[in-house]
Amino acid sequence: MASQATVPTPLASTSTVMNTDSGRLLVSPPQNSETAPPRRYQELLSRVLDGGIAVGIAVVAQLLMAGIQGVLNVNSNKVEFPPSVVAMAAIFGLFCACGCIFPGAEDFYRNHLKRPADLLNRHMSIGFTIPFLMICKGSLTDVWVIGPIIGCFVLTGLFNTVLSYVLALPLQCLMVRWDSGSWSSSDIEKGSPTTEKERQNPKLRSPVKSVCDSMDTEDFSLGVPPPESMTPDSKASPTHPLSFSTSTKLWCLANPMLLLMWTLTLTIGLPLRVCLALDTPLSTLLLFALWLSTLAIQSSLKTSPYLRPFARTLLSGLFNAVFWTSLTMAAYLLLDGHLSSRPLQAMLTTLESHNPFSSALLNSFSVPLTAGDVALSILNAGLVSWGLKLYEYRLQLLSRAGLTVFTVSSLIALGNVSCGPLLAHTMGVAPQGRALAFAARSVTLALGNPVLDTLSADKSLNAAMVVISGIVYQMSLGLGVGRFLEKHLVNIGGRDDHTNDTTTTITTSKGENDPRTVAAGVAVGINAAAMGTAYLYETKSEAAPYSALSMMALGIMTVVFSTIGPLVSWVLGSVGA
């Protein structure tokens, strides 16, 4: 719910960075400013405003998806296509059209919509928690059952990662070197309106140009400005510890939603569960409380001044919000099931009814919403809001790099649909539904559901593979694996950076259309889906838009290939279905 909105950084004398979402909630209060409370109140108001706009965006997204779903349901014989993807494309097209007609559209987006959209993107990954938990429905305790699944998962993951990067890197190099015709002089290919200025003044360039550069283990900010950035006044200002009451007040101002969710859980959700035997209020409020808590702890690990950079990266990667929220929700289900004498399978059904808010609107809320439905609604709204992110990065996407992304994503999608289930079946993955889940191995949930429905594949296994891939990529990139591979493999044989050789310049130059940036974004988007893309947005990597585009292109083309009758018949026949 990679895509994190931030408010302006506090003064250099403060000891924390305040974010507009709950991603950094457990923050230490400032130690040396008597004017901190007024600033905190202003920041709180700004965060509340951003949160309100984010909720408005989510509501509009649900209404738009409901309308699109109603239109798609008119002719049920047509291909089922995710309404969230259609809504995303509609938002992207609408803002592009408005940008051409109204000159102030770009400023309006950046001033009023960018931070709320980033906030929604930050929390969209909560939609993975319940599908990941549903893996408990299957019988995966036998080593002869889970062994082939793990083996095929690892093998396909390595193959897809290497293949996507190897295909994207040389293809984008060819695109960059092809400087004939109007492409070389188009404004779209320049990447941004300030590119020419950046060439003349390198200091204007962003320090983060490659996903590998942005994942350096030393890049995690502690919230303290570097010494050279401090003004003389800030260096000379004395530090005075705040009283306990002041510190508590500042902590509460920094963590309003976390406190609110736990308060509602204990005062509303728990009494309703005990007195009226209502499962949904408690499970929904508890899901949000646990989600915000795990995000807060993860952020505290990232910014802790008491841990070494390597330890911060390792612990923050291990404390993945989706994984630990799902784990704690599983513990809650076991405890509630024990107290109410209900088996785990019955408890799992109380969390999911496959009825998100947009579908409930069409059905007049005939089926009550559950915690999983609310989380899935946030995920779908986040996907729709990616239309805004695509508009933000439209100059990079509507370029030769966009063609590279679409070509590689289409080839990988075709390979996954045609060869993924066959490989899984050959390695002994059974029954057929689990083998067919590898047709959409890393396709994000909202895009993969139509494929899984067409093939009658195992959705819980698919959700687990998507989440685990995202966790592995987050930890690997955070620990500098991408940077290491780029340094020791991609640049093998490269000459010194000061050489005038054109090929070396293409490989080592940084920018929106840099082959390494594009290839890294393609690799992350194809293999880590929404979790990896959200992580790139969070780290402000320029590979993020290519990751989002490749994720969407992979999902869309997977849906397209799964509608080809002869191909589907061959895939089903190859696994004995």
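Placement of Cβ uses the backbone N, Cα and C atoms for every residue, glycine included.
All TrEMBL annotations are machine predictions without curation.
Of the given residue ranges 15-42, 183-210, TrEMBL assigns the label region 'Disordered' to 183-210. Residues 140, 404-405, 407-408, 411-412, 415-416, 420, 423-424, 427-430, 434, 438, 441-442, 461, 465, 468-469, 472, 515, 518-520, 522-523, 526-527, 550 of the same chain lie 6 or more positions beyond the ends of the transmembrane segment (146-168) yet place their CB under 8 Å from a CB of it. With a cut-off of 8 Å between Cβ atoms, the residues of this chain six or more beyond the transmembrane segment (518-537) that come close are 1-4, 118, 121-122, 124-125, 128, 157, 160-161, 164-165, 168-169, 172, 210-212, 214, 322, 379, 382-383, 389, 401, 404-405, 408-409, 412, 442-445, 466-467, 469-474, 477, 482, 486, 543-551, 554. Sequence-distant neighbours of the transmembrane segment (48-72) (same chain, 6+ residues past either end, Cβ-Cβ under 8 Å): 5, 7, 20, 78, 80-81, 83-84, 86-87, 90-91, 112-113, 115-117, 119-120, 256-257, 356-359, 361-362, 377-378, 380-381, 384-385. Away from its own ends, the transmembrane segment (282-301) comes close to residues 22-27, 123, 126, 129-130, 255, 257-258, 261-262, 264-265, 268-270, 272-273, 307, 312, 315-316, 319-321, 324-325, 328-329, 332, 350-351, 370-371, 374-375 of its chain (Cβ-Cβ under 8 Å, at least six residues beyond either end).
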